[in-house]
Amino acid sequence: MSKRITRVLFKISGESLSTDSGNRIDEVRLSRLVSELRAVRNSDIETALVIGGGNILRGLAQQKELQINRVSADQMGMLATLINGMAVADALKADDIPCLLTSTLSCPQLADLYTPQKSEEALSQGKVLICTTGAGSPYLTTDTGAALRACELKADILLKATMHVDGVYDKDPLMFTDAVKYDRISYKDFVAQGLGVMDVSAVSLCMDSNIPIRVFSFVKHSLEQAIFDENIGTLICGDA
C-alpha cells in the first residue's frame, strides 16, 4: 500500500480481552490493548475501534442453548459489546487517553449514540473512537458493523485482529494442515470463494468503498505492526 495511512479502524474480538482460565475481561489483556492503542495514537493516526462481545456471549451460538429467539440472542450479543466497550473506555481514561464511547443502540446513561458527524469530530480531536453494539441490527455481525463504520468514517484501512489464525487461508487452517495462506487476495476472489475469517458482506461493503482490509494475528503482532508492516497477515484489496 503506497497511500499514507492517517485513519484506521480496528475490529477487535471480545476474545482478545478474555483468558482460557475464565476471566471474561482480563486485566493484563485489557492493559495490553490500551497500551497498543496509545502507541497507534502517538503515531498521529486517527484511531477507531469496533469491539466484539464473544468473551461474554455469542448470540447465534448460544441461541438454541438458551432457548431464545434469534433477534433476542443477537441483541444480547450487542449488549455484550457495550460491556466490553465500557471496560476499554474506562481503561483508556485511567491512562489519560481521550476517547469517545459510542453505541448504535440508544443507551444515554452508558454511551453516546453513534453518529458519523460526532465520531468524525472525536477522531479529528485525537480521541480514540470506540464503536459498540455492532451494526445495531440483528442478523448482522460485528464484522459487518466494522465495515459500515469504516465506510462511514472513510478509514484508510480496516484492520481485523484475530486470535486463532494469522490471515486468510484457502481453507480452515485449524482443520486442514495443508491449508495455504494468502499474502494478498482481491475482494472479488474472496467473495467468489466464500472464504472464512471475515464476513462476505463486510468484504463486499469495503469493496464498494475501496477500503482495504488486513487480517492479522493479535497473538503474534501488535496493532501498530498491522498498520506499518505490509508483510504480516493477509491484505484484501482491489487487486491481488
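Every residue gets a Cβ built from N, Cα and C, even glycine.
Note that the structure is a prediction, hence the values are computed from the model and not measured.
Together with Asp74, Ala135, Gly136, Ser137, Pro138, Tyr139, Leu140, Thr141, Thr142, Swiss-Prot lists one candidate of Gly53, Gly85, Gly167 for binding UMP, that being Gly53. Put simply, Tyr139 (UMP binding site) is 23 Å from Asp172 (ATP binding site) when counted between their Cα atoms. Of all the binding-site residues listed here (Ser13, Ser137, Thr141, Thr162), the one with the fewest other CB atoms within 10 A of its own CB is Ser137. Of all the binding-site residues listed here (Gly53, Gly54), it is Gly54 whose C-beta has the fewest other C-beta atoms within 10 angstroms.
Sequence-distant contacts of Tyr139 (UMP binding site), defined as residues of its own chain at least six apart whose C-beta falls under 8 angstroms from its C-beta, comprise Arg70, Asp74. Spanning the listed UMP site, residues Gly53, Asp74, Ala135, Gly136, Ser137, Pro138, Tyr139, Leu140, Thr141, Thr142 have a farthest Cα to Cα distance of 15 Å.
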